[in-house]
Structures are given as structure tokens and as C-alpha cells.
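**Student:** Among the features that TrEMBL reports, ATP binding site is placed at Gly45, Gln46, Thr47, Gly48, Ser49, Gly50, Lys51, Thr52. Residues or ranges marked as domain 'Kinesin motor' by TrEMBL: 1-297. The region 'Disordered' annotation in TrEMBL covers 334-353.
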Amino acid sequence: MGPLRGISAIVAPCLEANVKVFERVARPAVMGAMSGYNGTIFAYGQTGSGKTFTITGGPERYVDRGIIPRSISAIFSEISKRADQQFTVHISYLEIYNNEGYDLLDAEREIKAMEDLQQVHLGEADDGTVSYRNLSMYRANNEEEALNLLFLGDTNRTISETPMNMASSRSHCIFTIHVEGRKVGEDLVRRSKLNLVDLAGYQRVPKKGVDRTTHREAKYINLSLHYLKQVIIARQEKAMGMNRPHIPYRNSMMTMALKDSLGGNCRTTMVATVNSAQDQLDESISTCRFAQRVAMVRNTVLLNEELDPSLMIRRLKQEVRELKEEIRLLKGEEEERGPLTPDEITRLQGTRC
């Protein structure tokens, strides 16, 4: 995995979100995350073209598992093979609905209306990385716990019926797997994140026969996807050497949340889903043209590796204690002892009896 990587784009029919698609699309990103490289996979296409089926999978058959459950399985399978390393895995699940952020793992989702829920807010550090406020992160110790978190988040996701889809996703969702790994006994730690993104589909909503809520949702979805296109065009022009000092990430919460993925330290793959119906040909061509633009973007991918300060301090303190003990022995000094501990007093009393 070199220092410069492009954002690759793959066109996938919705019925092939199976092991072949996973091996080609997600396996490299999963293995990269295990080695300390950030990765992102996002599905793009019109509503009803199979994005959610590709990313999450079908609910009825095990073979219909999507990229997220297969990635979870691959990560924990790989952890079991690396006995010389220690790993911790954390999960977060962000929903962006009408350009506002919500935590899909929030325990209050079931008892509160959406307008009463605590919103997730984005921040930007001095180095340009994006941070989140009010977004929970749960540790997953095994594959089952991680899949339970995925199921909980999918249950809380906002869906409704539209003219194109009986159960259409009305929000953008970012399922993030945070991986931290280190070799046993070493202070060097590698941290990475794998973003698996199901974007809501762009759509043409008829003026009649659709309620106000659906119109409002479609407006925000289409607007955010329009801003995504603007970001990709700006990144493409910059990659071609054109003078584009400003990239409009801040135009929407979705593009801001994916800032690192679209133009930072991340290996990113776009999955373009298309509808094979003849009357949807224009939309399918538009999706493929967008994928072509995405493939021209270049990201800089770096290894996320650093010394763990807490482990380093602990090791240095142990070395200081050992050196002091060696000096004491060389000087022939008696061992300095403080007051007896409660355990020592108990043992002495038992001996005396």
C-alpha cells in the first residue's frame, strides 16, 4: 500500500452483494485497517438501486450478508490468527437525517421522538481531522457483540415508503469500526478506522401524491449529494493540477463527516449501484459518470502509528525502579522498607499463633 492511492470506483449490481463483491471491494480495506491504515467504502446511486443491500445485506438469507457484517467477521477472524498482537475494536454508528446528526446507538432512540434526541455535532482539529461530539462508541469483544450493535443501529434507522422503494433509507449512515493494535510487549500502537457508508439515494420526487415530509427528506438528500459532487469535482480538478485552493466540505454535514475519506489520509472505494430498468437508464449513466470522476481523485494514505504514552511511562517507571535496586545492591545498602502492609501483618499474626 503506497503513499499515494486513488479513490477507486466499482459498479456493482444490487444482487451481487455477496462474497465476490466483498473480496474485491472490502477485503483490501479490512486488511489495511488491521495494519493501521484508514479505509472507507461508500455506496452511491439512485434510490432503490441496492445500496443498503450491498452495504448491510438482506435480512432473510445468510448468503445475502452485505459488506458490513462480512467486514466484521473478517476483522475478528484475523484477530484470532494474530496471537502475537493485541487488538481492541470499538463501534460507532452515525445517522445524518435532514442534514442533522444522530447517534443510531443512542439508548433513548426507542423512547424519544427524533426531535427530542441529542444531536451529534462535528468539530475540526488543528490538523484538519474531524471529531464528533455526542456520538457514542462501544467496545466489541467479539463478532457477536459487533453484529448486535449493527442490528441495533439498523433498527433505529429512518426509513419510509417512496414512489421508487417500499422501504427507502431516508438518511445517510456511517458505520465506523475503530481498530487499535499492538504487538505484545511493545509501546508502538497502530490505530485505524474503517468507515462503511450507506448514502441515501438521489431521487426525482413527483410534485403530486407525496407528503410534505417525503418532499423535505428528498430535498436534503439531493442537496447533500449535490454538495458531494461539488467536493469530488473540486478534488478532481485539484488532482489535474488546476488551481482549486478551496474544497467545499463544509457545505453539508455529510461531506464534512467524510472529509478525511474524500480528501485526507484514507484509502477510499466507491461502490456505484445502478438500476437495470430501461426507464432508469439516464440515472444509471449519471451514476457511472460520477464514479468516473471519483476514480480520478487521489488521497495520501499514511500508516497511523505512534508510541503509546501510558505504556511508555509505565515501562520507564519500571526501569527506574530496577536501576535503583541495582544501585542499592552495588552500594551494599539494606533494603528500605516502609510500614507493614495489612497482608503482612495478618501473615505474621497467623505465624505467631
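Every residue gets a Cβ built from N, Cα and C, even glycine.
Those TrEMBL annotations? Automatic predictions, nothing curated.
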**Student:** Quick one: mean pLDDT on the domain 'Kinesin motor' (1-297)?
**Tutor:** 86
**Student:** Gln46 (ATP binding site) has how many other Cβ neighbours within 10 Å of its own Cβ?
**Tutor:** 22
**Student:** Near the Cβ of Lys51 (ATP binding site), how many other Cβ atoms are there if near means within 10 Å?
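**Tutor:** Taking every protein chain into account, the count is 27.
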**Student:** Neighbour count, 10 Å Cβ-Cβ cut-off, for Gly50 (ATP binding site): what number do you get?
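**Tutor:** Gly50 (ATP binding site): 21 neighbouring Cβ atoms within 10 Å.
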**Student:** Have a look at the binding-site residues (Gly45, Gly48) and report the one with the fewest Cβ neighbours inside 10 Å.
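**Tutor:** Counting other Cβ atoms within 10 Å of each of the binding-site residues Gly45, Gly48, the minimum falls on Gly48.
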